[in-house]
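Participant: There's a structure below that I have some questions on.
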Amino acid sequence: TYFIPTVGCPTGSGDPQGIGEPSVYHAVVVIFLEFFAWGLLTTPMLTVLHQTFPQHTFLMNGLIHGVKGLLSFLSAPLIGALSDVWGRKSFLLLTVFFTCAPIPLMKISPWWYFAVISMSGVFAVTFSVIFAYVADITQEHERSTAYGLVSATFAASLVTSPAIGAYLSVTYGDTLVVILATAIALLDICFILVAVPESLPEKMRPASWGAPISWEQADPFSSLRKVGQDSTVLLICITVFLSYLPEAGQYSSFFLYLRQIIGFSSETVAAFIAVVGILSIIAQTVVLGILMRSIGNKNTILLGLGFQILQLAWYGFGSQPWMMWAAGALAAMSSITFPAISAIVSRNADPDQQGVVQGMITGIRGLCNGLGPALYGFVFYLFHVELTDTDGSEKGAKPNMANPTDESAIIPGPPFLFGACSVLLSLLVALFIPEHTGPGARPGAYKKHSNGAQSHSHSPQGSGAEGKEPLLEDSSV
């Protein structure tokens, strides 16, 4: 049974404004409103994207999201380190504001809209700050469930918002959708200002706002350099990289692919998102719990990767709408992989090293968010998968590809097949992850302050480690 954490900060409230005790539900509401606003724009954004970049639409889509992802990867550690000094609330405001800043520009200036989307990656790291917020207010045994609740909220926010946005777009036009999304983003900002209490206790903050931030704390590659220090962490990080790289690319282009290549209407795309979102929520709550208890943590990861391989292969070879729906059900089942990986990392790491290993996984995913979209866009371009018609008014009319005589006529979605091969390699690597590797006391380990997004090194507690401490219990493979 899943326990929904509602406790306040275990070390005492850090809220000086008397708003109340912080809870996981504050984080849930912030995430829901932000991504609900963006979900409303699914249909208008697909239209504006092709109107702005009629040539090489997939390539430009990949580059835009690739730049945003790389900037997020580079900036996340610095923002996280600064939030340790100045508190979480101010950086929640900052990240939500800049993440939603491009929304009104969609109708004002599409070129500026896509430019600001790319550059907003510097501050578009809401999840990092949210995870730090959750870590501040939950006990260790509640943390993985709380993270799962936040992740499920992301899926829940996309269950209805694309359908609502598609309906309003068809009935009243895109302008109303943009205005509504902007209003919801402003509501999110007001909610943070008025209702969200500070989660970081005063005694955990430096005495002065001018407290120094070391380069190691702000270095995005710092956690990645520590990957090779432990064989188990290395295997987990390789597994995450090979499996999340195609997933990140898929997120950036799949809805455009459904609409323009497979021939889904705007309403069908919205329904597809809703159905897969509902199935994902069920998979990440009910199914995940059953599998973890019955077949174990490692086998759950392997099963999720197997579903992801089948899903991507079906997306790659599928050319009929029913195939996409069937593959979507597999995609929902594959969503159990990352929570299972987070659980095995959390269980195998020492309490004072949770932030280190979770920071590594977050860093790998951030890197994939930059590389994945660019890779998918380039592969679409390489295989000449281009758009010749984007008029979604003819429901059921399947647009033709620009070069129907080449490989794209046989393989509708080449990037998805590349992704399936990548996940297959990930599955082979995951076979060597040890199932039972308990944490142990290790001399010379660095004491970490875990904030859920990254951790910062303090003075060593012993001698002889020389910066080479294993982050998880070392194991033979």
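Here the Cβ of each residue, glycine as well, is placed from N, Cα and C on the backbone.
Pulled these features from TrEMBL for this protein:
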DOMAIN    23-438  domain 'Major facilitator superfamily (MFS) profile'
TRANSMEM  24-46  transmembrane segment
TRANSMEM  58-79  transmembrane segment
TRANSMEM  112-134  transmembrane segment
TRANSMEM  146-170  transmembrane segment
TRANSMEM  176-196  transmembrane segment
TRANSMEM  233-257  transmembrane segment
TRANSMEM  269-292  transmembrane segment
TRANSMEM  299-317  transmembrane segment
TRANSMEM  323-345  transmembrane segment
TRANSMEM  366-383  transmembrane segment
TRANSMEM  416-433  transmembrane segment
REGION    440-477  region 'Disordered'
COMPBIAS  451-462  compositional bias 'Polar residues'
Participant: Are there residues at least six beyond either end of the transmembrane segment (323-345) with Cβ under 8 Å to its Cβ atoms? List them, or say none.
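Facilitator: Same-chain contacts beyond the flanks: 144, 147-148, 151, 155, 236, 239-240, 243-244, 258, 262, 264, 272, 275-276, 279-280, 282-284, 287-288, 291-292, 297-298, 300-301, 303-305, 307-308, 310-311, 314-315, 317, 357-358, 361, 433, 472.
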Participant: Where among 24-46, 176-196, 233-257, 366-383, 416-433 do we find the most Cβ pairs under 8 Å to the transmembrane segment (146-170)?
Facilitator: 24-46
Participant: Please give the sequence-distant neighbours of the transmembrane segment (176-196): residues at least 6 beyond its ends with Cβ less than 8 Å from one of its Cβ atoms.
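Facilitator: Residues 19, 22, 26, 29-30, 33-34, 36-38, 40-41, 43-44, 89, 92-93, 96-97, 100, 103-104, 106-107, 165, 168-169 contact the transmembrane segment (176-196) from elsewhere in the chain.
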Participant: Who are the long-range neighbours of the transmembrane segment (24-46) in its own chain, taking Cβ under 8 Å and residues 6 or more past its ends?
Facilitator: 4-6, 92, 96, 99-100, 103, 106, 126-127, 130, 133-134, 137-138, 146, 149-150, 153-154, 156-158, 160-162, 164-166, 168-169, 174, 177-178, 180-182, 184-185, 187-188, 191-192, 195-197, 255-256, 259-260, 266, 269-270, 273, 390
Participant: I'd like to know the mean pLDDT over the domain 'Major facilitator superfamily (MFS) profile' (23-438).
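Facilitator: Reported value for the domain 'Major facilitator superfamily (MFS) profile' (23-438) is a mean pLDDT of 79.
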